[in-house]
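Report on the structure given below.
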There are 2 protein chains.
Amino acid sequence: MSREQSEKWLPLAKDYAIFGCYAQTELGHGSNIRRLETTATYIHETDEFDIHSPTLTSIKWWPGGLATSTHAIVFARLIIDGKDYGVHSFVVQLRGENHKPLPGIDIGDIGPKFGFNNIDNGFLRFTHVRIPRDQMCMKFSKVSRDGRYLTSSNAKVVYGTLIIGRIYVVERTSFSLASALCIAIRYSLVRKQGNDTKHDPNESIVLDYQFLQYRLFNGLSVVYTFLFVGKWLRNLYKINEKKIREGDVSIMADIHSISSGLKALCADLAMGVLNDIILACGGHGYSRFSGIPSIVDNYARSPIVEGDSTILQLQTGRYLIKVFENAKNGRPTPATLSYLKDYLRILSERSKVTTWEELTDPNEQIKALTHYHTRLLAKLISNLEETSKTHLQGYEGAKSDYMIDIINVSRAYCYTIIITSANEGLESIKLTYSNIYPTLRILINLFFSNFIIKYSGEFLLDNYFNSNQIKIFELGIKNCLEKIRPNAIGLIDAWEFSDNTLNSALGRYDGNVYEALYNWAKLEPLNLAQERGEYVGYNEVLKDIYNREYLKGINKSKL
Amino acid sequence: MSREQSEKWLPLAKDYAIFGCYAQTELGHGSNIRRLETTATYIHETDEFDIHSPTLTSIKWWPGGLATSTHAIVFARLIIDGKDYGVHSFVVQLRGENHKPLPGIDIGDIGPKFGFNNIDNGFLRFTHVRIPRDQMCMKFSKVSRDGRYLTSSNAKVVYGTLIIGRIYVVERTSFSLASALCIAIRYSLVRKQGNDTKHDPNESIVLDYQFLQYRLFNGLSVVYTFLFVGKWLRNLYKINEKKIREGDVSIMADIHSISSGLKALCADLAMGVLNDIILACGGHGYSRFSGIPSIVDNYARSPIVEGDSTILQLQTGRYLIKVFENAKNGRPTPATLSYLKDYLRILSERSKVTTWEELTDPNEQIKALTHYHTRLLAKLISNLEETSKTHLQGYEGAKSDYMIDIINVSRAYCYTIIITSANEGLESIKLTYSNIYPTLRILINLFFSNFIIKYSGEFLLDNYFNSNQIKIFELGIKNCLEKIRPNAIGLIDAWEFSDNTLNSALGRYDGNVYEALYNWAKLEPLNLAQERGEYVGYNEVLKDIYNREYLKGINKSKL
């Protein structure tokens, strides 16, 4: 918005005089924003815009908080004298006195979802709704009284909104995973199962099982690795913000690409960790009393909100293709990727170290990842160049034959960012936090080693690592688990989640897990009704089916 | 039960005179059945058993259908004259006239879960409930009037109940995944997104995107591969049943091990596919109107019902260790694993073929998997033998240091079973179904190739495959996708799911996806209330927050 517009609308919003939402996505249009269909047609006579949903697929769909909002920032195509100026944003009032929708406004809730049902994602259909001209958001583009369209070159800065949303997903991931791990690790210290023998009748604390450690400590490694990544990303964002204020948009494309790919990879990894956490809790993890299903519900939308993971990874991959082509041809590259100029040297490198300590040295970690992502990128470029010679749509067309590879390149690059920023972040606090440094070092090493083992084929393929080095990583993972075990409880208690926050029968600080499960079940409405002598379902249905003489026999029947 | 007992109870159950459930799991005891705590103490004086829950952790917890059952088969420790004879099963009546719980019975629902909330999983606590002696299930073990305990050597046949449950999970997986894929593939033919250019204003049908095909056709390959695996497993079960009737329990351990490991792997793979399917549908996949969240809800318990995946995989892995030790030392091995006698030859094999056709030849597929799982197994045994020399608890103790490896061995073996049974099943119908054979062949080849790429490190590690062969697999996957594309709709329509079964706005046969989403949303209670002029939440909460003069301004405000 312009300064005048902000000065008008922001106090109203801050004062709760109006409730707003961000209405972009439409029923038929998500990631391809250029194809949004809602129109905002300038009406010269009245100095207004006519906001309209011309088709079924143009109905706004999914905006969070829309169903109960009084106002929305609506993304619509600006039309002046029949000419389409593309998508712009407009402030539209949706509801008037007593919350009644205004004329021409068809608004509602889009119904139940896979999780996050506390948010009223809504729909919104316009039938020729008029708004005054000054409700177009006019920071970068303007329409004058006589219908002239004026725009500034800084318009791409609006993507900043998308970037911060993606950074938030990355930052929130550590928090979500840490709360689920807090529940799982505490419960795994209370829960005992198996390993009892004739000689030793006691069952083992399940957290002492190697495989459970493998699941949960991998989760811990993700939590702490992403803590460093999130801080690094937030810092990059601040630098970008400062530059923008100075009129410098030079790192905008870079941060857009990094935040897109990282958000996608981060959500994907986190969903896997959450799945592991549920599995690690046995049956009780599936009870809502465990608190874990709610965390999953709240997190589950992460692969799709703020951009579809696949689309984001393709964007990042395509950006890398462009940067690599620039590097190869001696054109400028962004600072974060300037090493690509050295790609021939990077491709020729092989790991020469032979011990766990050397293999997990921060510089060696970064070197391995840089080699990996550069190799995939160089291979992709060479394939694209080869295929484009015979492809009808040339280089651009060839890309559609390499979507799998483009996504793999994005993933490899984002792992490189993760390993680089986590290691640099950790090394930067080595002296200030020398007491916790060793434990955090093990977590980062574990994250790295799990990555290497998962993608070992990629490193064996060109002998960057040999089979002996891979075996050292396998062994190293087990050693990490043993070393993390004594610190597991500390690493989650450090987050200081209260029992209220966790809302979990399994993750209670006092460890009275089974009492809590039983007491909470007793409070279920069905069970309370039974205590009052009301048997839900019995009078309505069951009675007519099985009310036979037989049931009077009360455990006394003889054959 | 004995024949007399069956003749008494089964007609009552079949006639709906009683409703029963299987009450095994307790609050503190799941997989380790030997440690169940509920007691059934024989009372000489009255010829009864006293059923009792001595501790909080002994409360029955999770049995499906328990909360509304009138009777249960209760698993409890048989105690006679102070001696513990281990876990046996007993028929216990829970509710009497008008559905009222009987004295000593504390029964209820365990509360909401992560999915499957249509099932009333319940809890059950006994306070000295008496049942007549003849309500102990006495097919294999008996207690006489004078308190003598008699048992038969066939008692392990009771595990048959667990096996059939696991086979059912495997069989049901294809059905669940096929219904979700039906929704996703139909929607992906309606949905258009991106790829529009200045020259071509039309967006692409999303199913034409390589990456979407990669996600969804991998799902199809799992569906059809498991169709053959399920049939093979069911057949093995029938053979076992016949043998048991003839008093032959020789393949019992084998089928127990196979069904355990397969169920675990199958559930794990299917959860991944379901996640891919949701992602493939963009935002709308997360709407409950898509029908996919319900399929996930119903399937989500699969990794834990009928046995925790980790425990099952450990059982299968431990069984394989035993069989391998037998094979190595010239002792008898089960037919399904007799090739392990040849393990030295298998370990020395390397793939010598060089084309896609040869690499995906059924025999080559089976050879690759057999080599893979034998190598992991041999490596594990060698590690166990080495470690046990210095381990305080010897060979058994050493196993706890190799849990990750034992699970990997189970997984590798189950992949071998999958690839073997799917290829053999498909080849057996090659002539009868020559028209669909080529398409199914591509699906099985895709399943195999995706597996090889996912675990390429395992095959490169000992050069079973070289890097050129891996590249052929990568290329082959893309070729499979292209070939499946024209048959995608046929492969899901073949399942003949009705619109009612799918209950999905996205998977409608008529393709009117957006109309359905909009019409279904209009029927939401919140939206219907609004049509009546009732604004849910407004009078209760919002009114007091934002009922300001401002909202009367109805889109007419000027700066």
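Numbers here mean position along the shown chain, with the first residue as 1.
The backbone N, Cα and C atoms fix where each Cβ goes, glycine too.
No curator has checked TrEMBL annotations; they are predicted automatically.
Pulled from TrEMBL, these are the features on record:
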type	residues	note
DOMAIN	A:21-129	domain 'Acyl-CoA oxidase/dehydrogenase middle'
BINDING	A:Thr25, A:Gly64	FAD binding site
DOMAIN	A:159-321	domain 'Acyl-CoA oxidase C-alpha1'
ACT_SITE	A:Glu306	active site, proton acceptor
DOMAIN	A:361-543	domain 'Acyl-CoA oxidase C-terminal'
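Structure with TrEMBL features highlighted.
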residue	record	CB count, 10 Å
A:Thr25	FAD binding site	19
A:Gly64	FAD binding site	16
A:Glu306	active site, proton acceptor	22
Mapped DSSP class for A:Gly64 (FAD binding site), helix or strand or coil: coil
Whole-number Å value for how far A:Glu306 (active site, proton acceptor) lies from A:Gly64 (FAD binding site) (Cα to Cα): 11
Overall pLDDT of the domain 'Acyl-CoA oxidase/dehydrogenase middle' (A:21-129), taken as the mean: 94
Separation of alpha carbons, A:Glu306 (active site, proton acceptor) and A:Thr25 (FAD binding site) (Å): 11
Reduced DSSP assignment, A:Thr25 (FAD binding site): coil
